[in-house]
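These features come from TrEMBL:
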DOMAIN    8-144  domain 'EamA'
TRANSMEM  9-27  transmembrane segment
TRANSMEM  39-56  transmembrane segment
TRANSMEM  76-93  transmembrane segment
TRANSMEM  105-121  transmembrane segment
TRANSMEM  128-144  transmembrane segment
TRANSMEM  150-167  transmembrane segment
TRANSMEM  176-196  transmembrane segment
TRANSMEM  208-230  transmembrane segment
TRANSMEM  242-261  transmembrane segment
TRANSMEM  267-285  transmembrane segment
Amino acid sequence: MEGKSSKTGVLSALAAYTAWGLLPIYWKTLQSVPAQEILAHRITWSFVFVALLVLYKKQWGKIRSVLRDRSKVLGLLLSALLVTSNWYIYIWAVNSNRVVEASLGYYFNPLIVVLMGIMVLGERIDRWQIASIVLACVGVLILALEYGKIPWISLGLATTFALYGLAKRLVAVDSLLGLTLETAVVTPIAIIYLWTAGANSGGTISHFGVPTLLLLMGAGIVTAIPLLWFAHAAKNVPFTTIGFIQYLSPTLSLVLGVFVYHEEFTSTHALSFGFIWLALAVYSVSRIVVFRKANLGVAHSLQGK
């Protein structure tokens with residue numbers, strides 16, 4: 001039974017990260033729509049979709065329980081702000097032909113998470129983690145020096161997603177309930193924006209057409225389903241495995257950016273990405289070693305009993 005759960009967990013993780021990696025294709029079909037309007041629809045229809053799921057699973061009682069906890073409510077307000085900021089940056093980046101830069105952000109994300117652990121949670125790191133952070137910083141610096149500016153899209157995506165993960169960890173609410181409450185917080189703002197935008201342009205249907213409206217409504221599904229797949233994977237797959245699978249998403253996005261959308265990928269990009277990839281290799285190998293040592297210690301402890 002455990003083997004079956006592990007197998008479905010790995011498949012769920014692969015499905016989630018593949019979906020996230022191919023998401024630029026979806027947003028590109030909506031390139032005629034302003035990024036802020038896509039975001040407003042994504043928020044609204046995500047809320048509708050997950051609220052229906054909560055209703056189907058009869059979990060509204062759990063929602064009320066969370067709302068009675070003031071610290072969790074404040075944490076969810078923060079996570080709502082962070083996740084919507086992340087969504088907006090990503091949608092804007094994709095539809096501004098910056099898919100390559102966006103993919104760099106998600107390669108960089110695990111190392112930002114390490115920094116958050118040090119600065120916020122007071123976690124200690126070893127020399128290999130320090131080396132990986134230094135290598136990643138060199139990679140970012142190379143791009144910054146070449147273009148004369150900080151790659152803010154990459155850092156913005158990595159930072160907002162890392163902070164979002166930290167907020168979720170501190171709040172400790174089920175992923176479905178969390179997404180329901182996060183989108184509930186910002187849905188009124190999204191609806192006001194859509195109503196105002198519709199009044200000025202004559203409405204989404206008349207301005208963009210029915211197919212575009214259906215794609216905007218579908219944004220709720222393409223947002224929620226990968227998160228549910230990931231939630232299943234997180235419960236049934238070792239984090240070391242998920243740690244490797246997570247690189248599938250930015251890799252697919254990078255391939256799309258370079259080979260499908262023909263975005264610029266110069267020797268400077270290659271050098272910068274090379275340092276980031278080396279940093280990730282050092283980080284991943286060091287985590288595997290630590291994980292195996294911990295498992296070996298547990299095995300020896302059990303044998304001693």
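In case you wondered, yes, glycine gets a Cβ from its N, Cα and C as well.
By number of Cβ pairs under 8 Å, the transmembrane segment (208-230) is matched best by 9-27 from the list 9-27, 76-93, 128-144, 176-196, 267-285. For the transmembrane segment (9-27), the residues of the chain that approach it from at least six positions outside its boundaries are 38, 90-91, 94-95, 99, 102, 215, 218-219, 222, 225-227, 229-230, 232-233, 235-237, 241-242, 245-246, 248-253, 256-257, 261, judged by C-beta separation under 8 angstroms.
For the transmembrane segment (267-285), the neighbouring stretch richest in Cβ pairs under 8 Å, chosen from 150-167, 176-196, 242-261, is 242-261.
Counting residues of the domain 'EamA' (8-144) by DSSP class, helix then strand then coil, yields 116 helix, 0 strand, 21 coil. If you take every residue in the domain 'EamA' (8-144) and average the pLDDT, you get 92.
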